[in-house]
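Features reported for this protein in TrEMBL:
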- 31-502: domain 'Citrate transporter-like' (DOMAIN)
- 302-347: region 'Disordered' (REGION)
- 9-28: transmembrane segment (TRANSMEM)
- 59-79: transmembrane segment (TRANSMEM)
- 102-131: transmembrane segment (TRANSMEM)
- 181-204: transmembrane segment (TRANSMEM)
- 362-394: transmembrane segment (TRANSMEM)
- 406-424: transmembrane segment (TRANSMEM)
- 449-472: transmembrane segment (TRANSMEM)
- 492-516: transmembrane segment (TRANSMEM)
- 536-554: transmembrane segment (TRANSMEM)
Amino acid sequence: MALAGTSKVVLGCVAFGIFWVLAVFPTVPFMPVGRTAGSLLGAMLMVLFRVISPEDAYAAIDLPIIGLLFGTMVVSIFLERADMFKYLGNLLSWKSRGSKDLLFRVCIVSAIASALFTNDTCCVVLTEFILKVARQNNLPPQPFLLALATSSNIGSAATPIGNPQNLVIAVESGISFGQFLLGVFPAMIVGVLTNAAILLCYFWKYLSVEKDQEGGQPAGPEVVADDEVTSHRFTPARMSHVSSLNPDDMDCISEPIIRSNSVRSTSANENLRSRSVNSEADIQLAIKSLRASSMSHEMVEVSTVTDRRDEGASSRKFTRTASQQRSVIIEDSPPSPASNGEKEKEDEAAEKRWRVFVWKTAVYLITLGMLIALLMGLNMSWTAITAALVLLALDFTDAQACLEKVSYSLLIFFCGMFITVDGFNKTGIPNTLWELVEPYSRIDSAKGVALLAVVILILSNVASNVPTVLLLGTRVAASAAAISHDSERKAWLILAWVSTVAGNLTLLGSAANLIVCEQARRAQFFGYNLSFWSHLRFGVPSTIVVTAIGLLIVTSY
């Protein structure tokens, strides 16, 4: 495709430049409107400048990707309601063996969770919990926040539903869920382990500092109480039950029934209260007198019970001790209204717990069924939408509360981005630049794969990973298709791997990085500011090493 007219090229670059600035820096001083408004503004300018027609703008919106995003969002919302992420959080602190073990767990758990529930969702849910755990153990938060952000990005590369750019690649390439998983999953596992090893080496000195054993945890803002960590895990409140009473307690309850005992015990207690006990001898004397008064009434009492047989009445005598009388009174007395009410509350609570258990089980089974359907090669968009609608119907409540949690701003952002990127493609600039690089970036040679990876890596951090996939996807695939059909699929997988891992290079390279940074900064009482340079110092070596190792595995598939 040749370059368009000069006016179209200039106006298209202006519209795309405004979109890029607002997408990468959503709070710029001259126009702090955010990413979503910036995306719509770029799309509107493309239409107003006549770079793209209104009809082509509507056609540029990829509805299968929007549907797949919507379905996975709804499923993630139900999984969060079903305490899936609480259980993931519990895995981080369950029988932890120290700071290094905790860091390794953060890497593994966040990677697996991101592959199944998208990296952005994982970072939103786990950032504050991980920050609290680090503070509670008096550990530096930086390595754990970097572990969450980088491992989430690497883990999300394994599946088509792990991140937005993979959704685009899966829909555009037609690669099935199973083929995608087989092609990238081994690289993801090795990449996560490599990233964890780099983290441990980089922060070994900080993680080796032991807590002060003598003084306990030092006071100050660095420490978070244990109950705060527990409360963030959304531990369900337990129903309060009546504690079992021992025999002495039962005697105390039934004591007022025996009048003679109650009178004397009361008088003894009053005498005890009236006295001024000033020494240990007075206390012992008072206790002895109270025991003596209670023991004196453990005598045999004679009771007369009228035994009516036939029409006559005869009386017989039997003996019971006072404790036996108390047990008879307790057993024969009708249940009090208070005990009936407590039993009803316990039954109601048990029924509620059972309903919650059944509902959670259904959510997990439906999610598992969605993953199986994706592995079977069914249409990914309609599979995710179907699972979302089944969950909404299963909830038996108004779906408005659940649908309000869907990130419609992200869906609108994608719509505007599709229009903006398609308009920029019509200027002919991306195609012209690719023609200059394409002869040297063929994937049938190691140098070509390396050059292609560098182009994707740089462009993903300059123009963001999703626009990079939209700009380069079809061109890279077409170049690889000239070699072989298998090369075309391999090119798509290389694009998925490199564009995703490239997000670890800088703080602005991935939305997951920004989510971790903002969530940590805004955390109350235990906030932490993850700076751009602190992320860059670790991100550059980690991204280069992980990308290179992953490319060796993906290209060998």
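Every residue, even glycine, has its Cβ placed from backbone N, Cα and C.
It should be emphasised that the depicted structure is a prediction, and the values quoted were computed from it without experimental measurement.
The stretches the transmembrane segment (59-79) and the transmembrane segment (362-394) are in mutual contact, each linked to the other by at least three Cβ pairs under 8 Å (pairs 6 or more apart in sequence). Looking at 102-131, 181-204, 449-472, the range that has the most CB pairs within less than 8 A of the transmembrane segment (406-424) turns out to be 449-472. The listed stretches are 102-131, 449-472, 492-516; of these, 449-472 has the most Cβ pairs under 8 Å to the transmembrane segment (9-28).
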